[in-house]
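Q: Would you mind keeping the following structure in view while I ask a few things?
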């Protein structure tokens, strides 16, 4: 919100010596975010004067049209003689009033003006455009042509309000009332302890039955609608300079008189308005929900297909506007041919949620929707309509129609009961009842009571909903900087839980293995499941959809970590980082089988155990997952060696690393699941409650997925359920036994069917070898026709060691034979001869 200081002074009698910086400091202290103070015309120096063009001579022989003009500037040049000026603009004629800058002046950008010879003539000054004066481009494509009533020789700096200060305020979503001069003026008056001249205090005629008919079919979407009519408008009337300048300084451009007035009143009072050409409205104005598939062409010239949830303004022919967002082109005021002489003014209060969803659905943000989304004072509608009527009568020569239409759905004002000492308890400062009551009254509240206060919240503050909001108002107005700095006395901590410790160990272990953590937003689009090649009935396709998503492309909560990680990998690869190893641990979300509506917890008391349990039961399941993605080189090449590329074995090893940190035995076997390559995918499982449970997958991604997502070749990934891994843990990680006695190594080569997983053979060998087995390692896989059709050879190195003695050859061989025997029994393995 851009607030010109000169405009602000109309409502608050600030000291003449107060600068924009001073006001900024006061408002920041009151809790507003004033980002900067823009100095308009700070480097501007006169003389600048109103001039009248006396003669124009067209100069020929140049590459572009050039005019030699004589301009009457009165006594501004000290002589009263006409000023000779060379100008290239074409949008003025003899007799027009223009802005002339004379020699000795300095324009914005340190542009000094002096008499100089150009195009064969001497130019004593310059005829100015708005851009040259720091006013911005007015869209005319030329110099400023002033209305004829301005007197020649008048100081143009004061006339055009070229010197001013503008506060640029970032209004937070809960402070919608500050998207107006009225709201900022109220905060300024409170900050300075000065009275406020409220621009909304106007004499408004009572509603009657003679106004333009209005029918509201959706009272929940529109609880207040005021319609006023102005007739006899001069279609040639244009916005005066003061109105144009205020709009420009507030960040809006001048369009036409009627539109400028509605924008001006919106900036002044915070109430969005819309003006309809009365001759283009057929029948009564209505407010209803759109019919699915209805069409509407909005003021931006775009034809929009409406949704059944859209709130629309209608006449007898159909929709004529998106309520609270943008009007329709069919009923707009004609500012090109100048045929509009009668207008109907709409000042309404629309449901903030409906407006926000419509604006987002149609990707159509407007100044009106921005205000309705944040909350507009419903009681300001009639005053805003009256202010608009007054300005149209004053500036366009119109007449106010006697009819006043006002359709209202009554609602009781919001009241809050608060102990008088509640702000004291929140802030730890003794304010006292008198201070609390005074501060609440300053923000517009009506306050009754002694120790227990009954507070009626003002209509322009929908953000005040509970006692803590009122306490915040008292604290911020008394000054956050006045709160004492005291260290709290926290209770003794109980340390991290076992789950928290595991999460930290997992992160440290992956970082130690060379992975970089890359947290991502938990939002996904459902199209990613098609890209991953998941089956139509895959559980991951059941998502929790957001009612108010940040992006329409990602409207759901993630059921897998891989989309975010792979997106991060793709972005980094596209920016030149090709050797990547990323990881993330985070929650995924699965809807419960029984959908429940979450209860709304109270804010003025502690929720009951039943309320908390009901809320918890409505939440989706949120297991924590861990995932890694790899691409490029895993080990860099150099003088020390060739290096090696990352492959799917690294992804499997990452899963084993997590299992070791959890103290869990991880079962790894061949698997097949999207988005992994069917021949290079490992299924990860643990034993939970005596049964094997698949908790994730690791391997190389499918080539089709890589192509669809634009990922590097041979990209690998792993994802597993960290909570399930923790549940399978024995709790305490057992360290390995350490023996000082020699190790006995036995190698075995077993021939098995190609379909037998290595993990099954290893598990049988480990169990059969008994407690003397220290470790087992697969060191060779061999396939040949000599082994037989459909056969492969797996070679293992078995290390045996005893804790209390040196093993004999016979003991090691016996353990080896037992291991081979059990492998033969379970997997059909045979010793390779």
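Every residue, even glycine, has its Cβ placed from backbone N, Cα and C.
Look at Swiss-Prot and you will find 463, 469, 472, 473 tagged as Mg(2+) binding site, backed by sequence analysis. Feature annotation from Swiss-Prot assigns domain 'tRNA-binding' to 42-157; the stated evidence is sequence analysis. What Swiss-Prot lists as domain 'B5' is 411-485, and the listing cites sequence analysis. Annotated domain 'FDX-ACB' per Swiss-Prot: 739-832, in sequence order, evidence recorded as sequence analysis.
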Q: Neighbours of the Mg(2+) site 463, 469, 472, 473: Cβ within 8 Å of the Cβ centroid, same chain, sequence order.
A: 174, 461, 464, 468, 470, 471
Q: Let me know how many other Cβ atoms fall within 10 Å of the Cβ of residue 473 (Mg(2+) binding site).
A: 23
Q: Neighbour count, 10 Å Cβ-Cβ cut-off, for residue 469 (Mg(2+) binding site): what number do you get?
A: 17
Q: Check each residue in the chain of residue 472 (Mg(2+) binding site) that is at least six apart in sequence and keep those whose C-beta is under 8 Å from its C-beta; list them in sequence order.
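A: In sequence order, the residues whose Cβ lies under 8 Å from that of residue 472 (Mg(2+) binding site) (at least 6 apart) are 426.
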Q: Non-local Cβ contacts of residue 463 (Mg(2+) binding site) (under 8 Å, 6 or more apart, same chain)?
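A: Once residues fewer than 6 apart are set aside, residue 463 (Mg(2+) binding site) is near 174, 175, 176, 375, 469.
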Q: Just to confirm my parser: what is the rounded mean pLDDT across the domain 'FDX-ACB' (739-832)?
A: 92
